[in-house]
Amino acid sequence: MKIQLIAVGTKMPNWVTMGFEEYQRRFPKEMPFELIEIPAGKRGKNADIKRILEQEGKAMLAACGKSRIVTLDIPGKPWTTEQLATQLEVWKNDGRDLSLLIGGPEGLSAECKAAAEQSWSLSPLTLPHPLVRVVVAESLYRAWSVTMNHPYHRE
């Protein structure tokens, strides 16, 4: 299974890139973890936010192909590390690739939310979108380590 993290926004701060890449490189070859960045639409005081969200959403969905889609969204389901590890096994056994979607400043388009089979909430807090990339990468790596009885995760 290949995991794709599809996120709105490019040109992230160096700490975001370094943090994401630290966990990305730890994933096993049989479970590659890829970041796909979708350019954010231009926002200004006269911007048509609905249209921008639709365009970003279309680009995100096009990048998903036939993979299982899971959105990262506050109203989604929160998982403990152990629950995420179980979920990771379910996704792996499904036989499809996995696309995780992170929206831009206004969130995800209605089309992305409708296409998702699941929605995952990292926290009831609103988190900065760049930080979410790092948190997702670490959380997935930790969940993988649980499934492999790797000593990274300690209870």
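Glycine is treated like the rest: Cβ placed from N, Cα and C.
So that you can see what the record holds, here are the features copied from Swiss-Prot:
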type	residues	note
BINDING	LEU72, GLY103, LEU122, SER123, PRO124, LEU125, THR126, LEU127	S-adenosyl-L-methionine binding site
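For the binding-site residues given as LEU122, LEU125, LEU127, the lowest number of other CB atoms within 10 Å of the residue's CB is seen at LEU125.
Shown in sequence order, ILE74 are the residues of the chain, 6+ apart in sequence, with a C-beta less than 8 angstroms from the C-beta of THR126 (S-adenosyl-L-methionine binding site). Considering only the binding-site residues GLY103, PRO124, the Cβ with the fewest other Cβ atoms within 10 Å is that of PRO124. For LEU72 (S-adenosyl-L-methionine binding site), the Cβ neighbour count at a 10 Å cut-off comes to 25, with all displayed protein chains included. Under the DSSP three-state reduction, LEU122 (S-adenosyl-L-methionine binding site) is assigned to coil, being neither helix nor strand.
According to DSSP, GLY103 (S-adenosyl-L-methionine binding site) sits in a coil region rather than a helix or strand.
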